[in-house]
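Asker: I am attaching a structure below and will ask some questions about it afterwards.
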């Protein structure tokens, strides 16, 4: 989600009046203009006193600031800004907790955020408080203690009382790789990922969000009221992706334009497809979906009950049917053949027919309104539905045929009736425990394979041992030595070993010799130990999935999601664009002491066009000013006269992506944008190559700094936006100074260079 951060433009008189009460700002530091020839020099005018910080530092490559922070004591700059030796101490205030360490300690991990505090321009790039002589970071103080200890000892441990995502976010902010976590804490660190993966398997579309999307897509329906149940979080894994696809489509249609899928001109399909799909697929999406789920559950139970009763003797009728056939012998009388047929009660067949009709209707509705037919047919539950329905229709269609082929097919279909029992798996859509069992079996595949391997090895070993142990003490007259024992060969011993190792002990086979009894005792003990090893892992998986499923069901629905407030004026993140750097002397501005015109600043990425153009009496009436014949540029409003308030001096808006889980410290984003911290995972850069960061308001001074949210962009000749790499723009001058209009042609050329046609 995008939220706006207001950044004052400081252009015009009205913009300055919008600022909150603050100490008197110091005049902006800009390099002195190039010396003019003696005949062109103007009389010196009184100006503000020089800053105690000394003359401004020269510009670095890329027109980035590299001057020291104004108002910062020289001693502090020497201590924190790069002066002094590695033995100097540094104070870091993290979330109100002060930490003190040596600068040499922070340099042990170059390229990280803390290592940037030891660089010369650290006081200007980070939030430095000259009064308290400390750097401030509004982050988690408890996690920072572990991070700082990593710099001291070289070992990164994970606190047990901190949630994994929080620790991961803090590591990303400080620029530390998570792979540096010690092996002893790695399992503790990644526990949150296991929990997130387990929750994703139970993840479902938000019932409220789905209903809102459906309501926005069309008219309200009384039978589709939004009433999320207590168990609105569970879905079967086979159809979860289909549900997400459907609700994504619903959300896209609901948020579309008025004439699109979500507006009044939307099609009937886009309006009703998500609703009908949720009606038959997600029992927690609405009250009507609950009724459909209850009906489906009722017919499933009736179908299974009917299937079981068909095998009971009380519902089976044996009938003898006599069929007269022509004798194969010519001239012989017809023969009467009596066939014995087994039939079930007719009412059971009628009940099964009603159930099949419901299952057919449900299957057709689900496959018709499914957002992805391919994914639908890949689902195991949907395959079971289709296979359980087809035999009934084939049996009804072939029942009237008397050919031998038809009877063979009918016999096969009666055998295939057992597929109907698989409908019991459809209950997983309605019961959390069954879904938990399914997820547990899938998550414990490795443990099951390990258990099978252990059992296979034990069965092979003990079956061989019992075969030869029973041969000890055999009758000398018994050539095979198997007359006195049940174990006549090793394959028979496999069955005995499985029964013994699983502690079942049917008693159909048992050893009769003392050596065989000893082998049997060892087999039972080995079976207990073998099964006991992987079973706790499977039980733990079941407990984890069950607890997460219950927690997800009992988790209250969040109606109002917390969104962090945008930085306010006076906060470290409330910053202003840097004034443009000085240009080289212009060849056409060397006479009469006339100040060269400032450039027409192009709107930066994410900044409103208003406020991008300065105002003043210098403005060319046909280029920027509206009025008598004035056209203005790009549809901008006319600029005011000197005595009029400036409507363009308004706050610029910069958009920050708040959806980033680590909005304040994604190391990849910081490394790509060269923002807010030294480049992470990149070679060390000179101080001139790095963009300074706005110091916080905790220092008692006010000064314009380069905002880490802004980068310099210029339009290319073809109208596209690109980073400015050409000559630096003209310096800011006093627009109130009168001067002849000799520079107007150059101003037009400058405007044409900045503004795409």
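Glycine is no exception: its Cβ is also placed from the backbone N, Cα and C atoms.
Predicted, not measured: the structure shown is a model, and the values here were computed from it.
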Asker: In Swiss-Prot, which of 497-502, 503-508, 509-514 is tagged motif 'Selectivity filter'?
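Answerer: Of 497-502, 503-508, 509-514, Swiss-Prot gives motif 'Selectivity filter' for 503-508.
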Asker: Select from 380-398, 475-493, 551-569 the stretch of residues annotated by Swiss-Prot as transmembrane segment.
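Answerer: Range annotated as transmembrane segment by Swiss-Prot: 380-398.
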Asker: Give the range, chosen from 234-252, 253-271, 272-290, 291-309, that Swiss-Prot lists as transmembrane segment.
Answerer: 291-309
Asker: Taking 351-370, 571-590, 591-610, 611-630 as the choices, which stretch does Swiss-Prot tie to transmembrane segment?
Answerer: 351-370
Asker: Including all protein chains displayed, how many Cβ atoms other than that of residue 185 (Zn(2+) binding site) lie within 10 Å of its Cβ?
Answerer: 17
Asker: Verify whether three or more Cβ pairs under 8 angstroms connect the transmembrane segment (518-539) with the transmembrane segment (412-434), leaving out any pair fewer than 6 apart in sequence.
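Answerer: Stretch pair does not touch.
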Asker: Taking the centroid of the Cβ atoms of 503, 504, 505, 506 (K(+) site), which other same-chain residues have Cβ within 8 Å of it?
Answerer: 499, 500, 502, 507
Asker: Do you know offhand how many angstrom separate residue 504 (K(+) binding site) and residue 483 (N-linked glycosylation site) by C-alpha?
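Answerer: Cα to Cα, residue 504 (K(+) binding site) and residue 483 (N-linked glycosylation site) are separated by 26 Å.
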Asker: Given the binding-site residues 157, 185, 503, 506, state which is nearest to residue 336 (N-linked glycosylation site) when distance is taken between Cα atoms.
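Answerer: Nearest by Cα distance to residue 336 (N-linked glycosylation site): 506.
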Asker: By a simple count, how many Cβ atoms lie within 10 Å of the Cβ of residue 506 (K(+) binding site), its own Cβ left out?
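Answerer: A 10 Å sphere around the Cβ of residue 506 (K(+) binding site) contains 10 other Cβ atoms.
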Asker: So what sits near residue 320 (N-linked glycosylation site) in its own chain, CB-to-CB under 8 Å and at least six residues off in sequence?
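Answerer: Long-range Cβ contacts: 338, 339, 340, 341.
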Asker: Roughly how many Å lie between the Cα atoms of residue 483 (N-linked glycosylation site) and residue 506 (K(+) binding site), rounded to a whole value?
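Answerer: Spelling it out, the Cα of residue 483 (N-linked glycosylation site) and the Cα of residue 506 (K(+) binding site) are 21 Å apart.
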